[in-house]
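Here's the structure we're looking at; comments come further down.
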């Protein structure tokens with residue numbers, strides 16, 4: 001099933017740039033056509049083989065819950081496909097958010113790689129979507145999100161479900177940036193052992209603990225054949241592994257990608273950076289997400305609720321991790337914010353009462 005994957009024989013690894021999908025979280029889904037056209041052209045020139053374009057939460061993600069897109073994603077997919085001369089355009093879809101009709105429309109607009117994402121314990125909800133994508137002649141990729149939350153052997157079982165449904169490459173997806181080196185290696189190795197020649201294995205990392213590049217190297221050494229990254233770390237949380245750094249490292253250790261290091265460095269500096277609202281930072285909030293295992297796209301939602309209710313964003317994120325919230329449960333941040341606000345008000349009232357009453361006098 002891997003024989004018809006878009007994979008040049010000269011590559012050791014196929015890179016996918018997710019700046020125009022994962023980066024949508026950081027940009028609050030406000031990409032313009034000019035920005036997308038310029039970024040696709042620069043990435044294509046640098047030799048990036050696959051460019052992912054969609055709302056941050058995939059097809060159909062433009063909504064009150066996830067955030068509305070400035071420009072309809074299908075228009076951006078079409079523009080990207082028309083702009084790229086060599087690169088293939090990928091799109092993400094989450095069952096329950098996107099629909100089968102969205103997949104068909106994305107293909108009609110020039111998308112050729114369908115990436116279907118589920119929580120890492122729910123691969124079964126993707127079966128019909130993989131079936132449709134293969135019927136349509138699309139290349140398929142599966143995302144097992146929040147892969148840090150279950151052990152390697154169980155993750156491999158979920159990967160088998162996707163592969164049997166028609167998935168040609170199953171990704172270990174470190175949505176929270178919580179995995180550390182051997183955690184990546186063990187999970188990728190487990191999937192490679194389970195899937196064999198039935199499907200490739202990929203890795204998607206985040207920088208919330210500063211390990212996006214190192215974890216990607218571990219993944220390749222464990223047998224991963226597809227790796228994600230975003231120029232300038234343009235992604236959710238502290239961002240994704242920076243493609244330009246990945247290419248520099250891969251060049252040094254002899255991993256062939258077909259991407260020119262200097263061209264991708266130019267693209268990151270001169271084209272992608274100007275489109276970013278700010279740099280993706282490894283700050284306290286991002287660190288808390290990596291440390292506590294919080295889905296990276298929660299960052300902007302937590303900041304918004306922090307400002308709305310006057311509570312610390314990092315406390316919101318830590319409690320989200322304690323409650324093991326997953327993608328799609330962003331609305332629960334409101335409940336947590338109200339809970340923290342009540343606690344803060346109760347503590348303040350207690351301190352005021354103590355100050356008024358003073359300390360009892362000794363007789």
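Backbone N, Cα and C atoms are what each Cβ position is placed from, and that goes for glycine too.
According to Swiss-Prot, the feature domain 'Pyruvate carboxyltransferase' maps to 13-265. According to Swiss-Prot, the feature site 'Transition state stabilizer' maps to 21. Marked as substrate binding site by Swiss-Prot: 21, 22, 175, 204, 295. The active site, proton acceptor annotation in Swiss-Prot covers 25.
Distribution of Swiss-Prot features across the structure.
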residue : record                             : Cβ neighbours (10 Å)
21      : site 'Transition state stabilizer' : 31
22      : substrate binding site             : 28
25      : active site, proton acceptor       : 26
175     : substrate binding site             : 31
204     : substrate binding site             : 30
295     : substrate binding site             : 27
Query raised in the report: Residues near the substrate site, 21, 22, 175, 204, 295 excluded, by Cβ within 8 Å of the Cβ center?
Result: 18, 25, 56, 143, 145, 173, 206, 235, 236, 240, 296, 297
Requested in this report: Could you state the whole-number distance in Å separating the C-alpha atoms of residue 21 (site 'Transition state stabilizer') and residue 204 (substrate binding site)?
Outcome: 13
Query raised in the report: On the Cα atoms of 21, 22, 175, 204, 295, which are listed as binding substrate, what is the maximum pairwise distance in Å?
Result: 15
**Report entry** Local confidence of the prediction over the domain 'Pyruvate carboxyltransferase' (13-265), expressed as mean pLDDT
**Finding:** 97
Query raised in the report: Three states by DSSP: which one describes residue 204 (substrate binding site)?
Result: strand
